[in-house]
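Annotated features, as they stand in TrEMBL:
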COMPBIAS  1-12  compositional bias 'Polar residues'
COMPBIAS  14-33  compositional bias 'Gly residues'
REGION    1-39  region 'Disordered'
TRANSMEM  119-141  transmembrane segment
TRANSMEM  194-213  transmembrane segment
TRANSMEM  225-246  transmembrane segment
TRANSMEM  266-285  transmembrane segment
TRANSMEM  306-333  transmembrane segment
TRANSMEM  380-401  transmembrane segment
TRANSMEM  432-449  transmembrane segment
TRANSMEM  469-490  transmembrane segment
TRANSMEM  497-515  transmembrane segment
TRANSMEM  527-547  transmembrane segment
Amino acid sequence: MSSNEAYHNNTDPGVGGGGGGDGPGGSASGSTGGSQRRNHLHHQQILNETTYLKPAAKQAYFSDEKVLIPDDDSTNVGFSFRKLWAFTGPGFLMSIAYLDPGNIESDLQSGAAAKYKILWVLLWATVLGLLMQRLAARLGVVTGLHLAEMCYRQYKRLPRWILWIMIEIAIIGSDMQEVIGTAIAIYLLSNKVVPLWGGVLITIVDTFTFLFLDKYGLRKLEFLFGSLITIMAVSFGYEYIVSAPNQGEVLEGMFVPWCSDCNSNVLLQAVGVVGAVIMPHNLYLHSALVKSRDIDRRQPKKVSEANFYFFIEASVALFVSFIINLFVVAVFAHGMYGKTNQDVIDVCVNKSMYEDAVTSFVDSQNGTALIDADLYKGGLFLGCTFGAVAMYIWGVGILAAGQSSTMTGTYAGQFSMEGFLNLQWPRWCRVLVTRCIAIIPTFCLAMFSKMEDLTNMNDILNAVMSLQLPFAAIPTIAFTSCAAIMGEFVNGLGNKIVSILLTIVVIGVNLYFVVVQVENMNIEGGLLALVCIFAILYILFNLYLVIHMAACMGNQRLMNSRWVQRFVLPSQNSFSIKNANSTYASELTLNDNGNTISSMQNPNQNLTQRSQLR
């Protein structure tokens, strides 16, 4: 029985059809020691989705079923739309992180501040996101392990815990943005009948409701996410059509990488766009979602085919997300750019939302200051300019963005916990804990503060999540560039150089954004000292991850260093293997809590991958 077959039948892949003495580890048969060895191999674990997890425990998202891939090899078709359809799903779920309320708000702010001048930044940030998502997906496809599971095997305990904490912070920060966006959407759609704090509480109930829908089947759940993306596309597309921006200026902003007469505020908006688009926990999510497809990893051809179709699907999904983001930027670039608060109030005269506009579009300069845009003001502006229907459709789009990103964020948290801690919580427990952590501060702000305080929190949350990006990008590049892990699918030299350089650029841009946000907070005294200490520790830990990445890539000087072997690499140097590139995953040594685990596959006998404790 193959590992995939065992998974379909909800049996323990490590027991039964794996066989004990027919693999490379079974040469000792015929003696007492050989008999014990066969008994040990009989109960071993296969290096796949259920490795190190209790067989009876259910994993999130694809616990009960996997999508079968049609076999079109007999027809000799070069490209199969049937196969593409079978692989379609994970990429669209991943793309939802590019459409969360934090991204939508960043889009409307960049349009209001810079018009179409930094649309090219959005375009190339999406392209860069695609490159990183491709690496994450390849890791999951080739190894059968997602990013958090690989971190569990390839990092020592302390750095592994630090990574988990950082990713949890990113997930909770994203969750807070989604709660804020959903609460604002409910506030708009209910015509202020449901207060903001009420909308915050509603997000608890509706999240549970949606998450339990996956019991109806994996494909139906993916259809639900696809429907939410469609709602966003239709909602924001409607706003784009009624606002009718200049198409020539839109195209120029997309393809001319220049920003003339741009001040520091515009530069900060461009940095914010990059930080909002590339989410650290999304790499962990995508590497796990691809495991929902039944891929025969014994055959390199099947693995290569899966990588190909997943890349096409991710490209289409991120193209759709880019178009939706483009709609939002263009709408507010056309309508809000260069407008003052008083300009909007004048437009709202004799409209039902006039009183709300008067209380929302205020400043200390008698209405002459430029608009400080946010999700709520965006809805009021659309309502005043294009009618109440436009405001309600905007609210529907924001609600869809908040609900969809909430669910995918919960899955990301589930995968993170399963992988980093080798721990599984019931999904309802996981949702309750993360949602309560996100809701408590948000609820307090919604109850005791103004709308602008709630929306201004997004800037702080974007800065927090920007800090976490290295903790996803560096491990992703490290593992996909390690021949011992990826075999013949390891990153080539060009891939390594491009991914490293682009990651350095993005991390540098995000750190600049964080520094600006910290400066704006006017921190002094003891708090400033704490920030400096955190900055030093942050840089040191990133250096630690870079050293580990260099060792993954085969730097012999680091691999042979006693200090690196003791404090950085897993026990017995998991990267020093023989013939790593000879065949797909032919020899692989991983680490679990200090024990070396060897997974070997005999391609001539077409055996299942095995994991043997030495």
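Just so it is clear, glycine is given a Cβ too, placed from its N, Cα and C backbone atoms.
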If we call contact 3 or more Cβ pairs under 8 Å (sequence gap 6 or more), are the transmembrane segment (497-515) and the transmembrane segment (469-490) touching?
yes
So are the transmembrane segment (380-401) and the transmembrane segment (225-246) touching or not, going by 3+ C-beta pairs under 8 A with a sequence gap of 6 or more?
yes
Same-chain residues at least 6 beyond the ends of the transmembrane segment (306-333) with CB under 8 Å of its CB atoms are 69, 83-84, 86-92, 94-96, 98-99, 103-104, 107-112, 114-116, 119, 122-123, 126, 129-130, 133-134, 137-138, 141-142, 229, 232-233, 236-237, 239-240, 243, 245, 250, 253-254, 277, 286, 290, 293, 295, 373, 378, 381-382, 489
